[in-house]
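**Student:** OK, Swiss-Prot features for this one:
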type     : residues       : note
TRANSMEM : 76-99          : transmembrane segment
TRANSMEM : 162-185        : transmembrane segment
TRANSMEM : 201-225        : transmembrane segment
TRANSMEM : 309-327        : transmembrane segment
TRANSMEM : 368-391        : transmembrane segment
TRANSMEM : 407-433        : transmembrane segment
TRANSMEM : 455-477        : transmembrane segment
TRANSMEM : 557-575        : transmembrane segment
BINDING  : Cys599, Cys608 : [4Fe-4S] cluster binding site
TRANSMEM : 615-636        : transmembrane segment
TRANSMEM : 690-712        : transmembrane segment
BINDING  : His701         : divinylchlorophyll a' binding site
BINDING  : Met709, Tyr717 : divinyl chlorophyll a binding site
BINDING  : Trp718         : phylloquinone binding site
TRANSMEM : 750-770        : transmembrane segment
Amino acid sequence: MTISPPERGEKAKPIYDQPVDRDHVPADFEKFEQPGFFSKSLAKGPNSTTWIWNLHADAHDFDTHIGDLEETSRKIFSAHFGHLAIVFIWLSGAFFHGARFSNYSGWLADPTHVKASAQVVWPIVGQEIMNADVGAGFNGIQITSGIFQMWRAWGITSETELMALATGALIMAGLVLHGGIFHYHKAAPKLEWFKKIESMLQHHQIGLFGLGSLGWTGHLIHVANPTNALLDAIDAGTPMVLDGKTIATAADIPLPHELYNADLVGQIYPGLASGIGNFFSANWWAFSDFLTNNGGVNPVTGALWSTDVAHHHLAWAVFLMFGGHVYRSRFGIGHSMKEIMGNVKGDPLLFPAPNGHKGLFEFLSNSWHAQLAVNLACIGSGSIVVAHHMYSLPPYPYLATDYPTVLGLFTHHMWIGGLMICGAAAHAGIAVIRDYDVSVHVDNVLDRMFKARDAIISHLNWVCMFLGFHSFGLYIHNDSMRALGRSQDMFSDSAIQLQPVLAQWIQSLWASSIGTSSVVGTTTGLPGAVSDVFNGGVVAVGGKVALMAIPLGTADLMIHHIHAFTIHVTCLILLKGVLFARSSRLVPDKANLGFRFSCDGPGRGGTCQVSSWDHVFLGLFWMYNSLSMVIFYFSWKMQSDVWGTVNSDGSVTHLVSGNFAQSAITVNGWFRDFLWAQSSQVLTSYGTGLSGYGLLFLGGHFVWAFSLMFLFSGRGYWQELFESIIWAHNKLKLAPTIQPRALSITQGRAVGVTHFLFGGIVTTWAFFHARLLGLG
C-alpha cells in the first residue's frame, strides 16, 4: 500500500483548514458500464471463463485497484454511505410490510394469543396453504424476527405510524446515498482527515453513540415508556384513566405529540411533570418514577422494565459523552492514543518485548484491514453476547414467550457473530501480508508474537487434542455402556456424576444477590437484580414460561467441553492463518504471493491449505460446526428444561418433558431424541401451513450436498473433462471464443464453502421453525 506524497512546493496546511479535495473524481457512469474497469487486465474482456471469477474476487479489493491509501480510504468511506442506504431501504421494507400486510394491531390487542404475521402469500398455484390462521381472524405466514415486540417497545401503536416510518426510512436512504456520491465525487476527504484518530474517537463516542443514546433516551422517556405503561395497564386488565377518559385499547392512547403535554403525561409519570429544574438543583430523585433501577423483568410482559431500559441508555449516554472528551484533538489537551500505546511495555516474564507496543499505533492507523479485524472480532463477540441476553434478559415485551422468535434470534446472533470473527481473521491475515513492515516492527509486541508463533500454535494444538480426546471419550464411553446395558457405569446425573460445580456456584452467587442493596444508589433491596435463569423463580406470562431457572448437570458439562473443543479448534485454524500469513517452513515467500494464491500451478505441488485465505476457508467449516452444536444444545435444553406451560398448581409442563439430561449424554441420544424426533414436524409438514419449511428442508439439503461436489473432487478431473469436451467441439468447428476452464482450487473451495454454509443454514432454519411453529 502506498501513500501519496504532497505535491512539490505545496505547503502543508492544517487539516482543519482544508479537510477535503473539491471535485476529486467526476461521476463517469459510462465507465461503470465496462466490466472490470478497475483493472487493466480485466478491462480487456474475457478470454477464458476464469475472467468472471477474477471479476468477482477483485471488484471490492480496493487495495489492488490503485494501491493508494488515500484513494482506497475514500472509496471505503463512500461505500459506507451506500451500505447505510441499503440498510434504510431494508428497514423501510420491514416498516412497509408491517403497515400494509401485517396483523400488528391485532397482535397488539392480544399478544399472548395472536401470533405475529407480516406476510401474506399470493394464491398462484396453491401456495396460499402457507397462510395459516395466526389468530383474530388473520391468515398469513407467522414471522419470528421479533419486530412486533420491538415496535411495541418503541411505542408504536398503529399501522399509520409504521407507514410514516417506512416513508422516513426511504427519505434517509436517499440522503445517505447522496452523501456517498458527494463525499467521493464532490468533496473527498484527505488521508490526513481519515488518520485523525482522536477526532474520530470523539465523533464516534460523543456524536454517534453518546448523543445517539441520549436521543434514544429522550424518545423512550417521552413517547415509548408512557405508551408502554398504558399498554401494560390494558394487558393487566386495569386500564389507566387520562383526563377522565379510560384508555381501554391501543386506539385510545394519545398520539406521540400529545404526550409532550406535561399535564397529560404527568398522570402516567408524575416525574415528567415536575420540570427540568430538578435536574439543575440535583433533585434527581424526582425522576425516579421514569428512570428506575427495578431489576428483573416486568411480570405483565416478561421483558425488562422499559423505565430500566431508559435509565440504561441515559447512563451510557453520559459515560460516552464524558469519555469522548478525554482525547487530544484541536486544543492540545487530553490523551494521545499514540502516547498511550507507545508507553505500554510487554510483560517482562511471559512475553518480553523491549519495545512494548511501539509502532502499534502507526500500524493500526495505516492499515484499515488491521482496524477492521479488531472491530469485527469485538462486534462478533458482542453479537454472541447479545444472543445470550435475548433469552436471559428479554428486552422487548412478550418476546420471552414467543419461543420460535427467541430461538430464531439466538441462532441469528450466534451465526452473525461467528461469521464476523472469521472475517476478523481474514482481514488480520490481509493486514499482516499487505500492511506489516518487518523492518519497522522490531522487538515490539507484534514482532515477539510472530517469533513465538510456534509455541502459541503448538500449545493451542495440545489444548485441542486434550479437549477433543477427553470430551469425545466421555461420549464414546456412555454410548458403549448404554449399548451394553450398564447404565450404572455411565456418566450421568443418576450414576457417575460430573456436575458443573463452578457454573452452579456462579449461579448461586448471582441468585443470592436478589434482595440485596448491591447496586449503588439503592436503599431498598432489589426485587430481581439479576436474570431469573440464575436460580430464580418461574415468570409466567399468559400461562407460558417466560423465564425460569436453568438447571445444569452432567449433560451440560459434557456438552460444554465439546463446545470448548470446537471453539479452540476454530481459534487454532484462524490464528495459525494470521501468524503464518507471511511465511512458513513449506512456503517461506508467502508474503510475496499474497492473501490467496493458487496451489495448482508449476512448482506449487503440496501447497494447498497454506495461504492465509485457506485458513479462513477451513475456519468457516469449524465455525459452522461449533455453532451448530451451540444452537442445537440451546434448542433442546430450552425445550426440555425451560419452555412450557405453567399449570394451575404452579408446576411446569415442558415441551419435551425433560428428556435432555438422560438423552444428551450419548451420541445416539442426540441422533434419536433430538435430530430424528424433533424433525417430525418438518418431515410431516406437507399439506399444512408449514409446507414451505418442508420444501426448504429438502432444498437446503440439496444445496449442502451440492457443495460437496466442489469440496471432494480435484481440479484435474474437471479440467480433463472440459478439455475432452472442447476437443470434440474443435473437431466440429464449434469451439467457443471464451475458453472454458475449470475453477482453480481456491475458486472451487470458495463455491464449496458458500454452498455448504448456505445449505446448512437453510436446513437448520427450516428444522427449527417447523419444530417450534408446529408445536404451537
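Just so it is clear, glycine is given a Cβ too, placed from its N, Cα and C backbone atoms.
A description of the local structural setting of each listed feature is requested, covering burial, neighbours and distances.
**Tutor:** Cβ atoms under 8 Å from those of the transmembrane segment (368-391) belong to residues 72-73, 76, 399-400, 406, 409-414, 416-421, 423-428, 430-431, 434-435, 533, 638 of the same chain, restricted to positions at least 6 beyond its ends.
Taking Cβ pairs closer than 8 Å, the transmembrane segment (557-575) reaches residues 421-422, 424-425, 456-457, 460-461, 463-464, 467-468, 470-472, 474-475, 491, 498-500, 503, 615-616, 618-619, 622-623, 625-626, 629-630, 633, 664-665 in its own chain, all 6 or more past its ends.
In the three-state DSSP reading, Cys599 ([4Fe-4S] cluster binding site) counts as coil.
The number of other CB atoms found within 10 A of the CB of His701 (divinylchlorophyll a' binding site), across every protein chain shown, is 15.
When other Cβ atoms within 10 Å of the Cβ of Tyr717 (divinyl chlorophyll a binding site) are tallied across all protein chains shown, the result is 10. Under the DSSP three-state reduction, Tyr717 (divinyl chlorophyll a binding site) is assigned to helix.
The Cβ of Trp718 (phylloquinone binding site) has 17 neighbouring Cβ atoms from other residues within 10 Å, across all protein chains displayed.
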**Student:** Counting other Cβ atoms within 10 Å of each Cβ, which of the binding-site residues Cys599, Cys608, Met709 scores lowest?
**Tutor:** Met709
**Student:** Please tell me which one of the binding-site residues listed here (Cys599, Cys608, His701, Trp718) sits closest to Met709 (divinyl chlorophyll a binding site), measuring Cα to Cα?
**Tutor:** Trp718
**Student:** Return only the integer: C-alpha distance in Å from Trp718 (phylloquinone binding site) to Cys599 ([4Fe-4S] cluster binding site).
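**Tutor:** Counting only the Cα atoms, the answer is 16 Å.
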**Student:** Any residues 6+ beyond the ends of the transmembrane segment (76-99) with a Cβ under 8 Å from its own?
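**Tutor:** Residues packing against the transmembrane segment (76-99) from afar: 62, 118-119, 147-148, 151, 159-160, 162-163, 165-167, 169-170, 172-174, 176-177, 179-181, 183-184, 189, 194, 368.
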**Student:** Under an 8 Å Cβ to Cβ limit, what residues of the same chain, 6 or more beyond the ends of the transmembrane segment (309-327), are close to it?
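**Tutor:** Residues 153, 198-199, 201-202, 204-207, 209-211, 213-214, 216-217, 220-221, 224-225, 290-293, 334-337, 395.
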**Student:** Quick check: do the transmembrane segment (750-770) and the transmembrane segment (407-433) share at least 3 Cβ pairs under 8 Å, counting only pairs 6+ apart in sequence?
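**Tutor:** The transmembrane segment (407-433) and the transmembrane segment (750-770): touching, yes.
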